Protein chains: 2
Amino acid sequence: MTAYSDLAAHFGRISALSNAVGILQWDSDVMMPKGAAETRAESMALLQVLRHGMVTDARIGDWLAKAESDGSLGAWEKANLREIRRVWTVDTALPADLVEASSKAVSACEMRWRQARAESDFAGLLPYLAEVLNLQRQIGRAKGEKLGLSPYDALLNDYEPGGSSAKIDALFDDLADFLPGFTQEVVAVQARRPAQEPLAGPFATETQRALGLRLMAALGYDFERGRLDISTHPFCGGADNDVRITTRYDEADFTKALMGVLHETGHALYEQGRPQGYLNQPVGAARSMSIHESQSLLMEMQACRSRQFLAFATPLMRESFGGAGPAWESEAMWRRYTRVEPGFIRVDADEVTYPAHIILRYRLEKALIADAMPLAELPAAWNDGMKSLLGVTVPDDRRGCLQDIHWPSGGWGYFPTYSLGAMTAAQIFDAATRAEPGILPGIGKGDFSPLVGWLRANIHGKGSLLPTDALLTEATGRPLDAAVFKAHLRRRYVEEV
Amino acid sequence: MTAYSDLAAHFGRISALSNAVGILQWDSDVMMPKGAAETRAESMALLQVLRHGMVTDARIGDWLAKAESDGSLGAWEKANLREIRRVWTVDTALPADLVEASSKAVSACEMRWRQARAESDFAGLLPYLAEVLNLQRQIGRAKGEKLGLSPYDALLNDYEPGGSSAKIDALFDDLADFLPGFTQEVVAVQARRPAQEPLAGPFATETQRALGLRLMAALGYDFERGRLDISTHPFCGGADNDVRITTRYDEADFTKALMGVLHETGHALYEQGRPQGYLNQPVGAARSMSIHESQSLLMEMQACRSRQFLAFATPLMRESFGGAGPAWESEAMWRRYTRVEPGFIRVDADEVTYPAHIILRYRLEKALIADAMPLAELPAAWNDGMKSLLGVTVPDDRRGCLQDIHWPSGGWGYFPTYSLGAMTAAQIFDAATRAEPGILPGIGKGDFSPLVGWLRANIHGKGSLLPTDALLTEATGRPLDAAVFKAHLRRRYVEEV
């Protein structure tokens with residue numbers, strides 16, 4: 001055994017444990033009866049303890065040092081070592097008592113948040129959230145020292161390895177300049193559209209599911225290595241070669257669940273397309289959250305809200321639900337799926353206004369981690385930001401700074417990856433359709449194989465072989481900028497191409 | 001921390017791991033897509049390794065010695081120590097290389113068995129099964145030395161702690177004397193019954209499921225702590241407070257799946273009724289496989305194939321499926337559910353002939369483990385036994401000694417627990433109905449609470465507090481014998497009460 005093969009075997013075991021956790025997490029969200037919550041929490045906590053013991057195994061440092069001086073390794077093996085060192089550095093950065101304190105603070109804060117949101121009671125949440133924030137600052141400092149990063153960038157790097165607030169500032173400032181005026185322009189354009197006719201339901205869950213499955217198959221989802229189920233909050237999860245997605249059906253409106261399925265299918269195609277030879281190694285993992293979100297948004301926003309796709313899919317919707325009349329024309333469906341309307345709630349936002357929600361959260365969490373703003377001022381700062389970025393007046397904190405679970409649950413540094421993903425999606429889709437002229441005509445016939453073939457070769461199959469910037473540069477010719485995304489928005493929402 | 005509380009915490013962690021394994025096993029059988037098999041096998045193997053490390057933890061011996069001299073412990077704690085010592089003795093009895101060799105031999109043999117059964121090819125299976133048998137003998141010897149038991153009894157004790165072949169010989173010899181003549185008598189009685197009219201289907205799966213759920217609720221199954229799903233081989237599994245059962249629907253015949261659901265509900269009621277304060281401790285575990293099977297057979301055979309229950313349930317079946325005519329009378333349903341017919345296949349056998357299948361397997365596996373019979377002679381010995389015990393001529397090994405997975409999968413010593421369970425069920429049900437006159441009238445109204453209340457107090461809630469013989473003696477006044485079972489068979493099948 002070489003040091004490299006020892007390391008690979010060890011991280012293979014960590015992966016086997018993570019896969020178990022992935023399926024148990026899926027089960028908790030999809031299958032578990034209520035009364036099992038406590039039993040399950042104990043199992044999950046134990047597996048996390050076991051996993052922590054494995055990722056901080058004392059032998060890893062030696063193995064790494066030896067393997068890194070092994071001249072016989074190829075590019076994938078070297079990249080695997082780079083990723084192992086990165087993961088190991090982060091995983092060993094925190095003292096155990098900080099991990100435990102954070103875990104407890106998060107549990108308490110999440111529970112308090114459910115009540116605070118329902119009652120629009122920021123003051124009630126404040127002490128709990130302050131504790132979580134305080135511990136996140138400590139975590140950011142501890143990781144930042146190891147990684148040579150600011151506390152915020154260290155937190156960001158958990159989701160976006162190689163990401164930095166300097167780069168995000170530039171991208172988001174660019175977007176923030178563009179979006180408010182552009183949104184007004186789009187709203188004016190859409191005000192001239194004919195009134196949207198209702199799609200008369202109800203739409204049976206089973207029919208919605210069958211149509212979702214049909215479109216998943218068209219996109220290239222492999223049902224031998226995954227499933228579609230129902231959960232309160234749709235997600236893509238599971239394990240290697242067991243990539244499960246969920247949705248939530250509304251019998252009064254099939255359009256959201258359907259597009260949600262296509263979004264999650266984008267995530268799943270990425271997971272199903274990771275390199276089989278390195279599935280259980282850090283180098284075989286998905287590259288970053290921005291790349292992950294780019295794959296869901298590429299499918300949802302770039303491909304499936306296009307006129308080409310809706311010309312293919314609308315007749316299937318008509319067939320499935322027995323729809324007839326003007327509301328069921330593919331042009332009407334395209335207008336429905338490209339409707340822009342500034343609102344309070346991030347998860348209900350459209351493609352144009354979504355980044356404004358993200359920019360606001362990013363700026364606020366960065367300031368809070370840097371201690372540049374008192375947490376008590378969050379509601380006012382939130383509402384000011386919503387006014388200036390989106391032009392809306394937030395009526396209460398329930399529809400304001402209490403709407404998301406990310407901060408109460410310790411997910412600081414995550415928000416920016418949503419809009420990095422949206423920009424990345426635009427840039428990748430643009431490069432793909434230029435490189436492969438068959439992609440758009442394929443989408444128009446429900447044949448996604450040209451698109452997925454290109455993504456497999458240029459994104460999915462690369463895993464974490466390259467850093468994000470290099471991956472994007474190899475695939476699209478340059479690192480991420482906002483230009484293609486803005487051009488896409490202008491073409492779709494103003495030129496209405 | 002006392003030594004006892006250290007031990008309890010440690011076994012609580014082992015339980016948390018076992019619960020994770022239980023849910024993953026359920027998922028493998030119910031939800032997992034085909035392509036995930038290899039990934040899942042790696043996760044399961046890792047969790048087994050981690051579990052083995054925990055159950056053989058070097059500190060356990062010391063903790064046990066200290067805790068056993070702790071005078072402050074109550075009855076449950078003392079019983080917990082007794083069970084911990086038993087489990088630990090068995091789990092530390094085997095050298096790691098024997099465990100690994102057995103695991104590999106079983107994997108190879110199971111795979112070969114699927115083909116051998118399909119092709120009725122015992123010769124092809126022979127070398128694989130010989131290897132499994134050889135390793136089972138070694139396992140039996142290694143455990144037997146630690147426990148002071150013969151190799152067969154040591155294997156038996158994995159499923160039936162405190163069980164012995166001497167006791168089983170006496171019980172099974174008694175039954176074996178009784179059954180062949182009795183079966184002929186029953187067949188003669190039933191030959192005088194009116195011809196069985198067909199129940200005309202199809203019976204929609206969803207309707208079967210709804211009726212199954214309704215009857216599970218009547219039996220007292222707690223849906224907040226479990227689920228009903230579909231799998232190829234019905235089972236009861238899952239985790240503490242997450243007791244899941246499965247069935248398999250046949251749209252041409254609802255009667256098997258329905259009774260299967262009631263059988264698994266019997267297992268589940270036992271699991272759901274284990275003592276909450278000790279759920280994650282060895283003393284809170286189900287007592288033995290014979291007691292477990294007694295709870296499923298008590299529900300299925302004693303309660304639900306009774307005239308009382310079928311008088312309640314048949315109208316529900318009529319309602320559910322829109323049945324009408326003589327075949328849908330409760331008396332006809334009772335005749336259908338008490339039909340006796342000697343056959344080749346154990347899993348299709350009725351209540352009267354089932355024990356003959358078990359006695360045959362028990363005698364053969366005992367002889368094979370003792371090396372008192374060459375494995376090559378198994379088919380001939382099997383066929384002779386079927387002739388003498390059941391009066392049938394086995395046409396081929398597929399319908400003979402190749403039908404069950406137990407031996408290829410290393411489950412030697414398991415078979416007798418099925419019929420011990422049947423006898424135990426009869427003895428417990430008899431005691432319960434004598435002690436609690438409300439039980440039978442309750443069953444006739446679909447109210448199982450008098451029965452389940454008695455079982456909770458006398459069986460389920462006791463977990464592993466008492467050894468099996470003591471548990472049965474406390475509950476029924478004496479250790480297991482065949483008398484009540486034989487009397488039950490005579491009453492139901494000859495007197496037709």
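Count begins at 1; order follows the chain as displayed.
Note that Cβ sites are derived from N, Cα and C of the backbone, with glycine treated the same way.
All TrEMBL annotations are machine predictions without curation.
When A:Glu251, A:Glu293 are compared with the Zn(2+) site residues A:His263, A:His267 in TrEMBL, the one appearing in that site is A:Glu293. For A:His267 (Zn(2+) binding site), the Cβ neighbour count at a 10 Å cut-off comes to 22, with all displayed protein chains included. All protein chains shown were included, and the count of other CB atoms within 10 Å of the CB of A:Glu264 (active site, proton donor/acceptor) stands at 26. The Cβ neighbour count for A:His263 (Zn(2+) binding site), using a 10 Å radius and every protein chain shown, is 23. Neighbouring residues of the recorded Zn(2+) site, listed in sequence order and excluding A:His263, A:His267, A:Glu293, comprise A:Cys236, A:Glu264, A:Gly266, A:His292, A:Gln295, A:Ser296, A:Leu297, A:Met299, A:Glu300, A:Gly421 (Cβ within 8 Å of the Cβ centroid).
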